[in-house]
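TrEMBL has this to say about the protein:
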ACT_SITE  B:HIS187  active site, proton acceptor
BINDING   B:ASP42, B:ASN105, B:VAL129, B:GLY130, B:ASN131  NAD(+) binding site
BINDING   B:ARG92, B:ARG98, B:ASN131, B:ARG162  substrate binding site
DOMAIN    B:6-152  domain 'Lactate/malate dehydrogenase N-terminal'
DOMAIN    B:156-330  domain 'Lactate/malate dehydrogenase C-terminal'
Amino acid sequence: MVLVTGAAGQIAYSLLYSIGNGSVFGKDQPIILVLLDITPMMDVLDGVLMELQDCALPLLKDVIATDKEEVAFKDLDVAILVGSMPRREGMERKDLLKANVKIFKSQGAALDKYAKKSVKVIVVGNPANTNCLTASKSAPSIPKENFSCLTRLDHNRAKAQIALKLGVTANDVKNVIIWGNHSSTQYPDVNHAKVKLQGKEVGVYEALKDDSWLKGEFVTTVQQRGAAVIKARKLSSAMSAAKAICDHVRDIWFGTPEGEFVSMGVISDGNSYGVPDDLLYSFPVVIKNKTWKFVEGLPINDFSREKMDLTAKELTEEKETAFEFLSSA
Amino acid sequence: MSEPIRVLVTGAAGQIAYSLLYSIGNGSVFGKDQPIILVLLDITPMMDVLDGVLMELQDCALPLLKDVIATDKEEVAFKDLDVAILVGSMPRREGMERKDLLKANVKIFKSQGAALDKYAKKSVKVIVVGNPANTNCLTASKSAPSIPKENFSCLTRLDHNRAKAQIALKLGVTANDVKNVIIWGNHSSTQYPDVNHAKVKLQGKEVGVYEALKDDSWLKGEFVTTVQQRGAAVIKARKLSSAMSAAKAICDHVRDIWFGTPEGEFVSMGVISDGNSYGVPDDLLYSFPVVIKNKTWKFVEGLPINDFSREKMDLTAKELTEEKETAFEFLSSA
């Protein structure tokens, strides 16, 4: 049973088909797809349901559209929490955090009450890291490790930028890292990344020989890519976000390929990179048997250290602001 | 890996293309070993939006996409094409008469037909989606005399898939257990969804749909109107048209052209009616049941047609003939 929240929205519209056609959980895995959104969106959700029927997808055993948490969260194996309160004009950061704490506290409690204890929870709705931590704190009977947030879009964007610069395809680039918060303080790090050039695997810094680009323009391009897409399309990047969600969930389900690691926002407890415990922070991880592990022992230079600390600081502040509201939410 | 194929999508900044491009790029249409050069065409005012789409395709990190070209110029878009998916067309606006819609679209598809004739490979497969799909397809074909008429088809696969889904819902099976439905005629409200020859897998056995349902009046009444009006129902609910399911249908249609239809199964496609054995006038772009092999389609011959079907098939042929006549008034002046 797979839940998608914000199911009447843009990202879900690009995502649901890929879930239903087997590209995430495999061609042999039947799915009951549960779609949750707020009551005013029930007509739109009904239209989405009609379209999924018209897509004639053999793996979709059933599709359930609802605005009720007790229906949506029941017996879940996977919860993809896309829906969140979007930022409106004139909204302060504080207000955004307050509104979202309310949503994710409620959904965390619903997970705790109705879902399987083995449920894997992937938070996409922004602010993703803090929303994910809120949900996890509100679902104490579900292991913290089952919660993750999406930084795979930034990870894929980083690969794409390196690939464009080197004239290869993004699949020839691996082991980029996104550290920290899915926000403008994220740190795209290619110190440990590799690229396949003329059949040989080379370090990215070595291949590019342009440190200042890698520490400057590359970082800001990846950080601001979301805004660039919105500026051009007048809508947010649903297609590439959906693709990243599929990658993230597929890797949880089937594990990461040998020799490769990916970026995921996870609970920082026990990390060896000097990031404070109890933060929902993006790290390089490998995954096996639906369980992720930190990639250990990567050397961290001063430039990286500074950037990693900056994003940790922002996450700590976000967490403190959000948790002021947690008890009253 | 093989040589890349050049695939054009028009209306590339729009809704349907947004749901379609990813599926083209990830190998689900042309196969996991076929690299693609994807060409995106739209009108000049949409170039910024198209640029955003290009950025997203890059961010999707799709290994089969060797290159993505965004343009508003026909001479760039239509060059050396292997496949052209013509999604873009003039949409109906409030107060627009049917005549005006046909006139505006004849202009577009005459120009694109001529561009195909001038720049594309002669082997190009052209799939028209933009409405009125059948007449737009015929216009393009007439304007591209050096490209075989058989290379042109229009999309009725969405209606075909919707018909399968309705039967499946009624019988409590999945749509994949239903096959050989037919959509006859025009992709409009006169389309005729026909399940006289359709089969459904029930408890491991293949049964005729009429036999399985035992509800002729539903099959001749509500079923037909539900499929005909499904598009409007989705728009009413979503406030937007059915991009997701349209994109899926386009993928099915193009994949079947490329790889052929499975043994024992046929599909629905709008094709040139010349030489059909069903009493449909020649020189119409009409949806028929077809089988496909070696990228070539053939009519499914010899299906018995009862009086009820005859009437419906003639009605939609009549509409197509009128549409063609109105459209071709404009063809010379376009």
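From the backbone N, Cα and C atoms, a Cβ is placed for every residue, glycine too.
Taking CA atoms as the reference points, B:ASN105 (NAD(+) binding site) and B:ARG98 (substrate binding site) are 11 Å apart. Here the Cβ of B:ARG92 (substrate binding site) has 15 other Cβ atoms within 10 Å, regardless of which shown protein chain they belong to.
Largest Cα-to-Cα span within the substrate-binding set B:ARG92, B:ARG98, B:ASN131, B:ARG162: 25 Å. Among the binding-site residues listed here, namely B:ARG92, B:ARG98, B:ARG162, B:ARG92 has its C-alpha nearest to that of B:ASN131 (NAD(+) binding site). Counting every protein chain shown, the number of other Cβ atoms lying within 10 Å of the Cβ of B:ASN105 (NAD(+) binding site) is 24. Of all Cβ atoms in the protein chains displayed, 28 besides its own lie within 10 Å of the Cβ of the residue listed as 'active site, proton acceptor'.
For the domain 'Lactate/malate dehydrogenase N-terminal' (B:6-152), the DSSP counts in helix, strand and coil order read 66 helix, 27 strand, 54 coil. Within the same chain, the residues at least 6 positions away from B:VAL129 (NAD(+) binding site) whose Cβ sits under 8 Å from its Cβ are B:GLY11, B:ILE16, B:ILE85, B:LEU86, B:VAL87, B:CYS154, B:LEU155, B:ALA246, B:ILE250, listed in sequence order.
Cα distances from B:ASP42 (NAD(+) binding site) to the recorded positions B:ARG92, B:ARG98, B:ARG162, B:HIS187 are smallest for B:ARG92. Of all Cβ atoms in the shown protein chains, 12 besides its own fall within 10 Å of the Cβ of B:ARG98 (substrate binding site). The CA atom of B:ARG162 (substrate binding site) is located 13 Å away from the CA atom of B:HIS187 (active site, proton acceptor). Across the domain 'Lactate/malate dehydrogenase N-terminal' (B:6-152), the model assigns an average pLDDT of 94. Here the binding-site residues are B:ASP42, B:ARG92, B:ASN105, B:VAL129, B:ARG162, and the ones sitting under 8 angstroms from chain A, going by CB atoms, are B:ARG162.
Within 10 Å of the C-beta of B:ARG162 (substrate binding site) there are 31 other C-beta atoms, taking all protein chains into account.
Rounded to a whole number, the distance between the Cα atoms of B:ARG92 (substrate binding site) and B:GLY130 (NAD(+) binding site) is 11 Å.
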